[in-house]
Structures are given as C-alpha cells and as structure tokens.
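Here's what Swiss-Prot has on this protein:
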COMPBIAS  54-64  compositional bias 'Low complexity'
MOD_RES   MET1  N-acetylmethionine
MOD_RES   SER65  phosphoserine
MOD_RES   SER191  phosphoserine
REGION    49-163  region 'Disordered'
MOTIF     9-15  motif 'ST]-E-Y-X(3)-Y motif 1'
MOTIF     242-248  motif 'ST]-E-Y-X(3)-Y motif 2'
Amino acid sequence: MSPGSGVKSEYMKRYREPRWDEYAPCYRELLRYRLGRRLLEQAHAPWLWDAWGPDSPSDSSASPSPAPRGALGEPSAPSAREEEQPVGERGAELRDAEEQDTVLPAPPKKDTEEKPEEHKTKETDGAPSGPGPRQQPSALCARGSKKATRSPQRSTSKIKENKHPFALYGWGERQMDMGSQKTHNVCASASVHEIHESALRAKNRRQVEKRKLAAQRQRAHSVDVEKNQRVKPASAENPWLTEYMRCYSARA
C-alpha cells in the first residue's frame with residue numbers, strides 16, 4: 001500500500017501524523033535528490049561496449065544487405081576461375097607482389113658522392129623561384145601551433161587522472177589537491193636549508209611538545225615521591241582502609 005493510494009493500513013489508521021498531503025512533495029524531492037546523486041556518482045566512468053545491442057554500428061557494418069544476383073552476374077565468372085586456381089599458386093603470386101613492393105631501387109653511391117656541388121647549386125638557384133621554400137615557414141608555424149594545442153590536452157589529462165572518481169559533496173577541488181600532496185619527512189642528518197619550511201616548523205613543534213611532556217612526567221614523579229615520604233604508615237587496625245587505598249593512597 002503506497003502512501004498516495006486511498007487504502008489505509010493499520011499503521012496509517014493508528015498513526016495519522018504526519019499527513020501525507022503535507023509532506024509528499026518533500027518526500028518526492030528527497031527521492032529525486034537521492035536518485036540524481038546516485039546517477040552522478042555512478043556516471044564517472046561509463047563502460048562503452050564495442051557491440052552493444054542488436055542495432056550497433058559494428059553489426060550493420062559486418063553484415064551488409066545482400067545484393068541481387070542479376071546485378072553481380074557478370075563478375076561471377078572471374079571469381080569462379082580464381083577459385084579453380086590452386087592455393088599454392090596464389091600464395092606464390094602474393095609473395096612475389098609483396099617483394100616487388102618492398103624492394104626499392106637504391107640510388108647509386110658514386111653519383112651521390114661525385115655531385116654534391118651540383119645539388120647545392122640547384123638548391124640555391126631554385127630557392128627564389130620555386131614555391132617550396134616559401135611554404136616552409138608556414139608549415140613550421142602550423143607544426144608549432146599543433147604542438148601548442150597538444151600540450152594543454154596532456155595537462156588536462158593529467159589533471160583528470162589526479163581527480164577523485166566520485167563527485168564528493170561538500171568538498172572543493174583545492175581541499176582535494178591539498179589532501180593528495182606529499183608530506184616532507186625530516187631526516188636528522190638533513191641541513192636546515194634542505195628542509196621544507198612547513199616541515200621544519202612541524203619538527204620544532206614536536207621537539208617542544210616532547211620537552212613539555214618530559215618535564216610534566218618528571219614533576220609528577222617528584223610529587224609522588226614527596227607524598228610517599230610524607231604519608232605516615234597506616235595502621236592495620238583501621239577497618240575502612242582497603243588494599244587499594246593502602247597501595248594507591250599517594251595519588252589520591
């Protein structure tokens with residue numbers, strides 16, 4: 001039985017307050033807030049599947065629509081002939097084609113060694129007339145701009161990696177960054193100039209606290225010794241003196 005329905009349970013009959021009509025909007029608002037918060041927290045890393053659902057692009061690309069046989073009637077003959085050829089001959093042909101593609105004619109070394117001056121003169125002659133050198137500064141500028149645009153992307157990716165995966169409510173980014181920073185440990189052999197200022201202050205503070213604690217313990221010990229010396233031995237006839245009072249009366 002939902003609160004909005006007209007049917008009332010025994011609990012609703014007995015406890016009439018609070019009224020549903022008054023507090024229904026508040027309840028629904030809180031429900032919506034909880035749902036939105038859950039969605040925010042769970043949407044930090046969505047898992048994208050390659051083949052999700054029957055109508056995915058991978059399925060559509062993998063299985064194209066079958067074409068009619070009449071349209072593909074003419075090229076069917078060469079394909080049948082290719083199938084008749086043995087597999088070994090096809091493999092040999094493919095290997096020969098790959099070798100021909102990979103092997104390129106190397107330039108003769110003698111020509112390159114004998115004519116370095118000719119190349120230099122050609123480059124100097126073609127510099128003012130050819131459009132190639134004029135385009136080089138623009139290409140360099142374009143490369144510089146690409147590098148400049150890539151650098152902020154890398155920095156943003158680093159920032160995203162350092163961020164907490166969940167959206168923490170009530171916490172700012174500065175506090176999160178402060179929490180992820182490393183602390184500076186102080187070695188006894190390190191000089192004052194090599195230590196971070198905050199770590200040096202913390203070290204001095206701890207040393208002062210240790211001295212205070214040592215002084216307090218010494219004072220308490222001396223007070224206990226003085227009390228033990230002053231206290232007179234209690235008589236064993238006192239019925240109200242317990243063993244605890246007899247042993248620990250100096251601290252009371």
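Note: Cβ is positioned from N, Cα and C throughout, glycine not excepted.
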(message) Summarise the motif 'ST]-E-Y-X(3)-Y motif 1' (9-15) as counts of helix, strand and coil residues per DSSP.
(response) 5 helix, 0 strand, 2 coil
(request) Please report the DSSP secondary structure of SER191 (phosphoserine), reduced to three states. (result) coil
